[in-house]
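A short write-up of the structure that comes next.
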């Protein structure tokens with residue numbers, strides 16, 4: 001009984017988290033297809049049947065087969081999405097970073113349009129509805145104002161966490177999908193012949209039919225039915241693939257029934273429509289008047305839940321990108337006790353501004369739909385490329401070849417058909433995609449170039465300075481700087497190579513005497529939840545080479561991990577206790593800590609020129625305007641010193657100067673040479 005209850009609640013949570021985007025597609029897909037026909041007057045029965053066939057088989061091929069049956073198997077320890085997939089295959093080919101960057105940037109950019117189009121489509125259903133004697137919302141401006149307020153409030157509450165309302169998302173989305181199915185069936189029973197659309201024949205015929213005025217470009221609107229498939233894959237880590245397997249048949253059935261119900265309503269009423277200046281939406285038009293207001297209300301709630309899921313998904317996506325060092329460090333907050341509840345202020349307000357600007361710029365859902373979906377086709381194409389690399393080791397060559405050929409072909413066709421969206425506003429999401437991609441490229445390749453160009457002379461072996469550090473630690477002539485000095489740096493675990501500036505900070509800048517020297521390296525792994533450490537004492541009791549291994553979804557709060565390491569080392573008698581005479585904590589065994597963070601600035605004394613200099617400079621600019629490393633490492637309440645040092649890349653050789661004159665020296669001691 002407990003197992004069944006657990007499965008039920010897991011399925012309910014999945015409905016509230018995973019299917020918001022794809023679940024609200026019935027609000028605008030058929031409406032967009034009507035616009036492709038030139039409006040209501042351009043509709044024919046063959047056109048409607050063909051559209052339904054294309055929508056059905058797009059859902060089957062793209063969502064069910066590609067994502068539910070294939071992509072969900074490509075999980076990274078339970079995590080899904082384009083960055084988790086990249087983490088699985090990044091060691092196979094270096095060039096795989098390119099589809100990962102492009103796909104991730106496009107997915108983030110497309111998210112700026114999704115909340116605007118879903119909420120606007122829902123609120124437009126209120127136009128003309130009278131509450132009392134007066135219509136509540138009568139103009140598109142009023143629709144936009146209501147949508148603006150809803151979206152703004154949604155972004156405002158993110159910092160407080162949404163767990164307090166998140167528990168209701170599952171039951172509400174269950175109600176939503178039941179609503180879709182019921183009123184789809186209500187209309188379907190009047191025109192059961194629309195079930196002919198289950199045959200792909202009618203969809204293929206429509207592509208070449210004179211009834212289709214836009215030709216292959218109709219697929220740009222059809223594609224809107226499956227835009228939420230990528231989000232379905234990305235959210236796997238929140239709910240587990242089993243819950244998606246259990247709930248997708250219900251969700252898919254509800255969507256198909258509603259699309260076919262809209263089609264049945266259109267066929268039944270062909271020639272009887274009264275064309276007005278208002279936007280015609282078959283989703284609302286097919287509802288009985290007695291449930292119309294409820295339909296608008298539940299649609300608005302579903303749109304808000306879809307927007308919330310997208311915002312949360314964006315936080316998760318960025319957290320993964322930061323962990324994989326594809327984006328600069330950003331402060332990640334946890335507004336609730338739930339491990340999965342995160343909040344990234346920079347992303348929240350960037351997304352808020354972009355979404356509200358999209359709403360103000362496009363104004364109507366009709367114009368948003370014309371621009372919507374272009375960027376997500378790029379993401380799906382990039383996911384296919386990464387998936388094919390993953391499948392190489394999992395399936396035979398023939399299956400992988402068929403998979404790659406089929407889905408690359410289909411998605412390229414969808415991409416080409418969506419290109420018309422560029423002139424209708426798709427350029428907005430593409431510009432945002434390019435901006436995000438530029439930041440990613442600068443950060444990732446800037447780091448790679450910096451490491452490649454680093455002067456070999458700037459790296460020294462920590463082992464070579466072991467004796468010097470121990471001598472400094474025991475030198476009674478030098479006052480104690482701190483009991484435990486922690487250098488946040490990078491030590492090669494095989495060669496012990498460390499940046500010279502690290503040791504320069506300890507030895508040359510007024511020697512820093514400490515009882516224990518900690519050299520801490522944070523290593524990010526492809527496993528999302530790796531959490532372990534290794535220690536190399538190098539034959540001493542006071543020099544600790546600490547290597548932290550953290551998954552790309554783990555917090556990098558060094559102070560918390562270090563506390564555990566210290567306790568473990570003292571308990572195992574690896575380092576000496578540091579009893580404190582003056583303390584508020586009786587029995588305290590360790591002294592005080594000070595963390596040193598070294599910040600690099602590009603030195604003018606470098607031979608790097610041209611595009612390399614530009615790339616490194618841009619990378620440092622982004623670093624200086626991203627999250628403070630003190631916040632990133634969770635050291636806000638620790639004693640931290642930030643030291644600025646020059647980043648020396650292939651030092652410029654300065655010619656030696658000729659000595660001409662030294663005037664009036666005093667008491668010069670000359671050395672004689674034999």
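Note: Cβ is positioned from N, Cα and C throughout, glycine not excepted.
Within the chain, the transmembrane segment (7-27) has long-range Cβ neighbours (under 8 A, six or more residues past its boundaries) at 63, 114, 118, 121-122, 166, 168-174, 176-177, 180, 224-229, 231-232, 235, 238-240, 242-244, 246-247, 251, 255, 258-259, 262, 281, 283, 299, 302-303, 305-310, 312. Annotation source Swiss-Prot lists transmembrane segment at 7-27 (among others).
The transmembrane segment feature in Swiss-Prot is assigned to 52-72 (among others); the stated evidence is sequence analysis.
Per Swiss-Prot, transmembrane segment is recorded for 95-115 (among others), and the stated evidence type is sequence analysis.
Sequence annotations record features per position, and here Swiss-Prot assigns transmembrane segment to 145-165 (among others).
Beyond its flanks by at least six residues, the transmembrane segment (169-189) meets 9, 12-17, 19-20, 23, 26, 195, 250-251, 253-262, 264-265, 268, 286-288, 291, 295, 298-299, 301-302, 305, 308 of its own chain at Cβ-Cβ distances under 8 Å. Per Swiss-Prot, transmembrane segment is recorded for 169-189 (among others).
Feature annotation from Swiss-Prot assigns transmembrane segment to 204-224 (among others); the stated evidence is sequence analysis.
Among the features that Swiss-Prot reports, transmembrane segment is placed at 244-264 (among others).
Residues or ranges marked as transmembrane segment in Swiss-Prot: 291-311 (among others).
Sequence annotations record features per position, and here Swiss-Prot assigns transmembrane segment to 342-362 (among others) based on sequence analysis.
Below 8 angstroms of C-beta separation, residues 28, 31-32, 35, 62, 66, 70-71, 74, 82, 85-86, 89, 96, 99-100, 102-104, 106-107, 109-110, 113-114, 116-117, 120, 220-221, 223-224, 227, 229-230, 233, 358, 362, 400, 403-404, 407-408, 411-412, 414-415, 418-419, 421-422, 424-426, 428-430, 432-433 of the same chain, each at least six residues beyond the ends of the transmembrane segment (368-388), sit close to that stretch. Taken from Swiss-Prot, the feature transmembrane segment applies to 368-388 (among others).
The transmembrane segment feature in Swiss-Prot is assigned to 397-417 (among others).
Residues annotated as transmembrane segment in Swiss-Prot, with sequence analysis given as evidence: 425-445 (among others).
By the Cβ criterion (distance under 8 Å, sequence gap of 6 or more), the transmembrane segment (425-445) is not counted as touching the transmembrane segment (291-311), fewer than 3 such pairs being found. Spatially, the transmembrane segment (397-417) is not adjacent to the transmembrane segment (291-311); fewer than three Cβ-Cβ distances between them are under 8 Å for residues at least 6 apart in sequence. Within its own chain, the transmembrane segment (52-72) is flanked in space by residues 22, 29, 80, 85, 194, 197-203, 206-207, 218-219, 222-223, 225-226, 229-230, 232-233, 236, 241, 244-245, 248, 252, 255-256, 259-260, 263, 380, 383-384, 387, 391, 403, 407, 410, which lie at least six positions past its ends and keep a Cβ under 8 Å from the stretch.
Ranked by number of Cβ pairs under 8 Å to the transmembrane segment (342-362), the listed stretches 95-115, 204-224, 244-264, 291-311 are led by 95-115.
Counting Cβ pairs under 8 Å that are 6 or more residues apart, the transmembrane segment (291-311) and the transmembrane segment (204-224) reach fewer than 3 and are not in contact.
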